[in-house]
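Enquirer: Mind looking over this structure? Questions follow.
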Amino acid sequence: MALIELRHVKKEFSGKAGKVTALKDIDLTVESGDIYGIIGYSGAGKSTLVRLLNGLETPTEGEVEIQGQDIALLPNKELRNFRKKIGMIFQHFNLLWSRTVLENIMLPLEIAGVPKQNRKSRAEELIKLVGLEGRETAYPSQLSGGQKQRVGIARALANNPDILLCDEATSALDPQTTDEVLELLLKINQELNLTVVLITHEMHVIRKICNRVAVMEYGEIVEEGKVIDIFKKPQTEIAKRFIQQEADKNIEETELVVEEMLEQYPNGKIVRLLFHGEQAKLPIISHIVQEYQVEVSIIQGNIQQTKQGAVGSLYIQLLGEEQNILAAIEGLRKLRVETEVIGNE
């Protein structure tokens, strides 16, 4: 069931030089209980989109519908109550430095008028959920970055929200702490059936826990789909760049090696293999060597784990009789391994 739906959303801001269009014709659907990623570089429109989702901005055109309500049409009082069902965490934590961990988590409940004893018991539950037992009386200055973000997550969950918006929530963290926070978000999603929307510029974050992703550029969603499908076959240049940064960090070196091997072995073929799921577990190289009497030189490869399974790419050179090479390529395709001849065709 769709929990969030954006239909033909446009957002303009007025400036000295005239109107600036931050979002153009955005269509987006997030299912209840999903972990949905939105990725883009700075200026793509991600932050504006977040502000539309929590009702801090209204669209110039189009509809932002959450739980069946067009939130732009809600009166102020109803909008304030509605916002209680949306939690949010940020890159820079936004904790009150004069309050302890427990007091920071109690803050939204205090604002909502929840009795003090109920506030305390709820905060203690959340401290246990996010793994901060024993740090209840610590102040933010005494916490690591990862612990501060855990406090931020607990505070965002205080009012039992249905949606958690994460705006660059791991950007200020080191890689290990990032993974720990992502694992916590995955745990919360599974245990509470909480819908999570992740805004990020890091493909690692998307790969690690998201089911679907929207790729944004210049205020538009240029590509959208299951994470594993985007990794398998990105359709846009920006999606390809994100995936290359994450999965193929030595792509320039690969291209140079391919050029050198094309010169050294003009009769062979350079082939890029892309495989996923069960194909990633198959002994593909030994199979084609034995079955088709070809020689295989491995240039470079990698396997990336997504939430929906492994995605691997491998650059190889096939050497041998022409008919054997062509048969090997056809055999790979029959195994449902996506095969692209990139040299010596």
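Just so it is clear, glycine is given a Cβ too, placed from its N, Cα and C backbone atoms.
Got these off Swiss-Prot a minute ago, pasting:
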type: DOMAIN; residues: 4-243; note: domain 'ABC transporter'
type: BINDING; residues: Gly40, Tyr41, Ser42, Gly43, Ala44, Gly45, Lys46, Ser47; note: ATP binding site
Enquirer: In the predicted model, what is the mean pLDDT computed over the domain 'ABC transporter' (4-243)?
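Expert: Here the predicted model's pLDDT, averaged over the domain 'ABC transporter' (4-243), is 94.
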Enquirer: Counting other Cβ atoms within 10 Å of each Cβ, which of the binding-site residues Ser42, Ser47 scores lowest?
Expert: Ser42
Enquirer: Whose Cβ lies within 8 Å of the mean position of the Cβ atoms of Gly40, Tyr41, Ser42, Gly43, Ala44, Gly45, Lys46, Ser47, the ATP site, other than those residues?
Expert: His201, Met216
Enquirer: Specify the secondary structure state of Gly40 (ATP binding site) as given by DSSP, simplified to three classes.
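Expert: Once the DSSP labels are grouped into three classes, Gly40 (ATP binding site) ends up as coil.
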Enquirer: Of all the binding-site residues given, Gly40, Gly43, which residue's CB has the most CB neighbours within 10 A?
Expert: Gly40
Enquirer: Which residues in the same chain, at least 6 apart in sequence, have a Cβ under 8 Å from the Cβ of Ala44 (ATP binding site)?
Expert: Met216, Glu217, Tyr218, Gly219
Enquirer: I want to check the contact list for Gly45 (ATP binding site): same chain, sequence separation of six or more, C-beta distance under 8 angstroms. What comes out?
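Expert: Set apart from Gly45 (ATP binding site) by at least 6 residues yet with Cβ under 8 Å, we have Lys11, Ala22, Leu23, Met216, Tyr218, Gly219, Glu220.
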Enquirer: Around Tyr41 (ATP binding site), which residues of its chain at least 6 apart sit with Cβ under 8 Å of its Cβ?
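Expert: Once residues fewer than 6 apart are set aside, Tyr41 (ATP binding site) is near His201, Glu217, Ile238.
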Enquirer: Specify the count of other C-beta atoms within 10 Å of the C-beta of Lys46 (ATP binding site).
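Expert: Within a 10 Å radius of the Cβ of Lys46 (ATP binding site) lie 22 other Cβ atoms.
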